[in-house]
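Annotated features in TrEMBL:
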| type | residues | note |
| --- | --- | --- |
| DOMAIN | 39-288 | domain 'G-protein coupled receptors family 1 profile' |
| TRANSMEM | 23-49 | transmembrane segment |
| TRANSMEM | 58-79 | transmembrane segment |
| TRANSMEM | 99-118 | transmembrane segment |
| TRANSMEM | 130-153 | transmembrane segment |
| TRANSMEM | 198-219 | transmembrane segment |
| TRANSMEM | 240-259 | transmembrane segment |
| TRANSMEM | 271-290 | transmembrane segment |
Amino acid sequence: MANLSHPSEFILLGFSPLGELQILLYGPFLVLYLLAFIGNTVIIITIFVDTHLHTPMYFFLGNFSLLEILVTMTAVPRMLSDLLAPHKVISFTGCMVQFYFYFSLGSTSFLILSDMALDRFVAICHPLHYGTLMSGAVCAQLAGAAWATPFLAMVPTVFSRVHLNYCHGNVINHFFCDNAPLLQLSCSDTRLLGSWDLVMALAFVLSSFLVTLVSYGYIVSTVLRLPSASGRQKAFSTCGSHLTLVFIGYSSTIFLYVRPGKAHSAEVNKTVALVTSVLTPFLNPFILTLRNETFKAVLRGQMQRLKGLLQVS
């Protein structure tokens with residue numbers, strides 16, 4: 001290319017070190033991606049069509065499932081096509097667009113997780129005021145803020161990447177346009193960008209994690225004071241799936257983006273990113289439904305209705 005300070009395209013190294021063996025990854029990754037897409041879509045449709053699930057908890061759950069679909073769509077289809085492509089090239093504009101949507105949607109998912117924690121906090125700690133504190137308008141405002149804020153905050157982040165000088169080549173050692181390998185190609189002074197990235201991490205990841213921790217601190221304190229053992233078990237059961245999502249989501253993201261980028265090798269970062277992009281969205285529908293008796297009962301009812309319609313036709 002004539003001008004590497006602003007390349008027209010990037011080369012995504014992906015799993016090229018595996019050579020021809022990377023083709024063997026295509027089948028398993030495709031199956032996981034399709035199952036993740038189908039599983040989260042089933043959750044969204046079930047919540048939408050059944051009025052019994054038109055509650056704040058399932059409203060936020062539907063938002064989270066939609067985010068799981070969208071986040072994987074920003075990186076996984078491209079990764080799958082690159083596994084079979086001899087030349088893994090992405091345009092400069094395509095890279096910036098992927099960067100923007102991946103991190104905007106990812107940040108939104110953490111804010112939705114904190115909204116889910118607030119919902120459980122109000123339901124368990126202030127049940128008499130639940131209908132007022134978590135009204136439809138309040139839920140819409142919480143979800144709207146969770147969606148809008150990261151998309152607005154990521155605009156200056158993307159523009160800063162657009163105006164960097166990329167004079168260390170155009171090969172990104174990753175399967176998508178991740179932040180750290182992109183900055184490694186730049187010969188510009190990125191110290192200010194590092195500070196901004198830390199502010200973004202504190203604003204969206206650590207702050208939402210703190211809200212979740214505080215909410216569950218109050219929840220645990222309230223549940224332990226319940227006189228009934230069955231009541232305590234039911235309360236913890238409704239929160240168990242959400243806590244599992246919190247642990248998986250925050251642990252991997254803090255590992256990748258809150259700690260310094262130099263703390264891990266590129267291969268370790270790719271492996272963790274692969275888990276969060278492919279494996280976690282596949283597991284989440286099972287985590288969200290297996291311990292939720294209400295959702296399972298509704299899903300069984302919907303399946304029986306669908307079976308009856310098919311038999312009639």
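For all residues, glycine too, the Cβ spot is worked out from N, Cα and C.
What TrEMBL says about a protein is an automatic prediction, not a curated fact.
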Chain residues outside the transmembrane segment (23-49) and at least six past its termini with a C-beta under 8 angstroms from it: 15, 58-59, 61-62, 65-66, 68-69, 72, 76-77, 79-80, 83-84, 278-279, 281-282, 284-286, 288-289, 295, 298-299, 302
Among 58-79, 99-118, 198-219, 271-290, stretch most in contact with the transmembrane segment (240-259) (C-beta, under 8 angstroms): 271-290
Contact call for the transmembrane segment (271-290) and the transmembrane segment (58-79): at least 3 Cβ pairs under 8 Å, seq gap 6+: yes
Long-range neighbours of the transmembrane segment (198-219), counting only residues six or more past its ends (CB under 8 A): 107, 110-111, 113-114, 117-118, 120-121, 124-125, 149-150, 153-154, 157, 235, 239, 243, 246, 250, 253-254, 257-258
PLDDT averaged over the residues of the domain 'G-protein coupled receptors family 1 profile' (39-288): 88
